C-alpha cells in the first residue's frame, strides 16, 4: 500500500536538506522559482542567461526565492562563474553551454519534484512485492544505521543540477556531519541525453554490539584465530584502479566525509574519482561522516571523463564512453567501496588498537552483510554465535569441506531474494590506501587489505602499486607467503608481532625485510 508522502519517514529525514516544499501530499518549487526555471529552460534569448555574470544573478534570484540568501555562498563564487564561463571557456563552448546545457538543467529542475515523487512511489512498489525487502528510498543514512539508497540516474541528474545551482540548504548539515554538496564555484559537464540507469548507495556497518543477523565488528581474537586461507594476490606496477577489467570492487581511498575535497581544493585519488564519476557526488547529500566501523559502497556510477596526471598535474583528457555491462537493476557493473584510513598516523599506526581499526575498516568495506547467513553456515562450527568475538574457535572450517570448496560455494550462490544483485565472485582492486597524503606505511597497509579481503572471502586482490618504491618486492613477498599456505590468522599474527617490535624500537626495517628469512631476501635482492 502506498504511503502518503507527507507521512513518509524517509522523506522527513531528508526534506530539511532539500530545496523543495511539501504541502497536501505534493512536492513543489515556490512559484517564483518555477517562473525563473521556465524562463531559463526557454533559452538565453528568453532568459538573458548568456554569460557567467548573468548565470550567477539568475542563481541568486532562485536562492532568494528559496529564502537562502542568509546562507552565504563562497565569497569568490561570483568571480568563479565569470572567470570560468566568460574568460577560461572558449566562446564556442560558452555559447553551447548557455544555449543547450543551461536550458536542459532548467528543464530538469522543473521536473525534480515529480521525479522525487515517482522515486518514492517506485520504492513503495518494490516494498509491496514481498516482506523482508530492504528500504531503498532517498533518506538520511545516519551513522551506525546500515542501509541502501537506490536512485535513478535521471533523479541523480536533478540532484546534481540542484548542487550546480547551489540550491541545497546548508543549515544543519554540519550538525548531521554531512559534507558540503553545493558546487559554489565548481562546474561539471553533463551529458546531453539523460541516462536511464540506476545507482545504489549503501552505508555498511559492522555493529559494535551483538546484533542478530549481522556480523559484528571483530575483536583481536577474531583475527588471531582465523583459519580462512589467504586469497590470491596480484600486483600491477602500472595502471589505475578505475581502469581494471577484472570485475573487481574498486577501493575509494576516502575521507571520513565522503568525497573529501572534491568540491573544494582536493585533487588526489578520491577527488579524481568523484570528478570522472560525478554521480558519486550525490552521495554527499545524504551520507554523513563514516565512523570507524562503517564503509560506503556505491554500485552503478557511470564514468564520463578521462584524465591525465595527479594532484597539481591533473588534467581533463576527453570524454569517456562507459562500456561496462548493466546488471538486472539497471546499474553499470562498477562497484566502488569508500573506506577512510587513519590520517597522519605516525607511530600509532603500529599499535594494536589502530591495526585493528584499519583491518576492520577494510573488512567492513569488503564484506557483504547480505551473505551473513551463508558466511555463518560455511565457516563457523554448527550452533556457534558469530557475534561472540571472544570465542577463539568460531573461525574453524567445517572438517567435511575443503577450503577451496567453501570459497567457491560462498561466491556461487544468491542467498537472499531481496539483496541487490552483486556479481558474487568479484575480487578487490586497490592500491596504496591511507598512504601518500595520509602518511600510512605502504607495506603494512597492503598486508592489512589482503587480510581483510581474504576474511571477506574475496577471490583475489589486484594491487596497483603505481611504482611505490617500498612495494617493489610486493609480488615476490606475496608469492612467498602463499607458497607457505598461511591463513589469515598466521599473517595477522606476524603483522602484530612486527608492529610490536617496531613500536618498541626492536626493529627499524620494513615489514617485508623483517618477515622474510635471509635466504629469501637474498633471492629478492638478486631480482632487483
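A Cβ is built for glycine as well, from the same backbone N, Cα and C atoms used for every other residue.
TrEMBL annotations: computationally assigned, not manually curated.
Pulled from TrEMBL, these are the features on record:
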ACT_SITE  252  active site
ACT_SITE  270  active site
ACT_SITE  271  active site
BINDING   255, 269, 310  substrate binding site
DOMAIN    89-189  domain 'PARG helical'
DOMAIN    221-470  domain 'PARG catalytic Macro'
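Here the active-site residues are 252, 270, 271, and the one whose Cβ sees the fewest other Cβ atoms within 10 Å is 271. Put simply, residue 252 (active site) is 9 Å from residue 271 (active site) when counted between their Cα atoms. Cβ-based neighbour count (10 Å, all protein chains) for residue 255 (substrate binding site) stands at 22. A separation of roughly 8 Å, to the nearest angstrom, links the Cα atoms of residue 255 (substrate binding site) and residue 270 (active site).
Straight-line distance linking the Cα atoms of residue 310 (substrate binding site) and residue 270 (active site), rounded to a whole number, equals 11 Å.
In this structure, the C-alpha atom of residue 269 (substrate binding site) lies 7 angstrom from that of residue 252 (active site). Across the domain 'PARG helical' (89-189), DSSP assigns 49 helix, 6 strand, 46 coil.
A simple way to gauge crowding: the CB of residue 269 (substrate binding site) has 24 other CB atoms within 10 angstroms, across all the protein chains here.
Taken as a whole, the domain 'PARG catalytic Macro' (221-470) shows an average pLDDT of 84 in this prediction. Calculated from their C-alpha atoms, the gap between residue 270 (active site) and residue 252 (active site) amounts to 6 Å.
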